[in-house]
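Q: My questions will all concern the structure given below.
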Amino acid sequence: SLSLGRRRREATAEEEVEETPQEKKLRLAKQYLEELRQLGDFGRHSGMASAPRPFSRPRCCAGVLPSLGKGQGSPAHIPFSLQVQPPDPASIRVLRGHQLPVTCLVISPDDKFIFSASKDGSLIKCKWEVDSGKRLCVVPGGKKGTEERHMGHASHILCMAISSDGKYLATGDRNKLIMIWDTATCKRLHIFTGHRDAVSGLSFRKGTHQLYSASHDRSVKVWNVAENAYVETLFGHQDIITGLDSLSRECCVTAGGRDGTVRLWKIPEETQLVFSGHQGSIDCIQLINEEHMVSGADDGSLALWGLTKKKPLTLARQAHGVQDTQGLEQPYWISAVAALRNSDLLATGSHSTSVKLWKCGEGFRKLEHLCDIPLVGFVNSLKFSSSGDFLVAGIGQEHRLGRWWRIKEAKNSICIIPLKRRATASGPESPGSS
């Protein structure tokens, strides 16, 4: 029976996406432990007395078993299910300062500061202070071609990322440039050049100063920020890349716009895995943990993915409803997604007058709508605090990538949304720790 079960598992594995050597070690280790458990159950039920013997690990498990319980991102290790009460609209704090639509934002790892940027080219860095709402530092923009003579960007900033130690901030603009900043002093440290079109996605690999960038030139580049060095370029998407994210592993995920694919890039192997399921342009993406991710598209669909399945685990169509445009009903575009790391809580934004909170069902095979948070305008960026105590939304009168509509009543601003939560189960890790 054990050999039959092994053959079935191996047959199933062949149908999945090709594994890395580390992923294969992990799977074999889990398989070996399951067989030991089955042998123990068989001995107890059959009345067999087994003599104690020392436990020895197979060679494939060496160095893997100690890490099974942490950082692997499997559903079994989600710390607890987050129950969110609808926030009081009066408790939402609005920070004003950008003249044009906010396009991107990040929260410092200690949850004390918010960094934001907009189409006006100015970069409010290091520092909106979360507790007071004060604007602590402003880096003004300039005219195109003057980047060497002043500190700020000279075109629309589309993306930003902060290193997990809070030391570096990276920003990318429509003029193909990536700027690296010291978060403590607000000073620019370096400019990376090399992309041939707008830089649309940035992410630091967790625990390192390795930076991944994505561009409308359809490429992904790898940089070493600590050494101001370019590492390599990867190609594969057939359309502009609209979003990028990464965690601890030496890989990143990207959204490929109208090529209809999400891709997982394995940096050491220089290989990529291709996922498909949306019908429209895939405009935003984020990893939930090391094994699952969420993406949104302009067909209104929201998809949950497992990194070993080429199709979505679940897909919510018209997640924000439909709008009447010149007599035609069209779904509201999903313009931003966010996930509280290592938990089952998601947030999505559109221009449908609300941010929606979602809960991932068991095994990430179901999406349950929790509540709506009223916000007027294009939600161009969403980020959860590491603690899960608040959600930050970047609001604009226009979409971050274009000017298809303009919502005049919207305010270009940053909204801090407090989240009341109740833990139904506790675990050794806190959400947001990966």
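Including glycine, each Cβ sits where the backbone N, Cα and C put it.
Marked as region 'Disordered' by TrEMBL: 1-24. As annotated by TrEMBL, repeat 'WD' applies to 95-123, 150-191, 192-233, 234-275, 275-315.
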Q: So what pLDDT does the repeat 'WD' (192-233) average out to?
A: 97
Q: Cβ under 8 Å, sequence separation of at least 6 from the ends of the repeat 'WD' (275-315): give me the contacting residues as numbers and ranges.
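A: Residues packing against the repeat 'WD' (275-315) from afar: 16-17, 19, 71-75, 78, 239, 242-249, 253-258, 260-264, 321-322, 331-339, 341-343, 346, 348, 350, 358, 360-361, 363-367, 401, 434.
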Q: What same-chain residues lie close to the repeat 'WD' (150-191): Cβ under 8 Å, and 6 or more beyond its ends?
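A: For the repeat 'WD' (150-191), the sequence-distant neighbours (Cβ-Cβ under 8 Å, at least 6 residues beyond its ends) are 103-110, 113, 115, 117-119, 121-123, 125-127, 137, 139-144, 197-204, 206-209, 211, 213, 215, 223, 225, 228, 244, 400-401.
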Q: Give me the DSSP three-state residue breakdown of the repeat 'WD' (95-123), ordered helix, strand, coil.
A: 0 helix, 15 strand, 14 coil
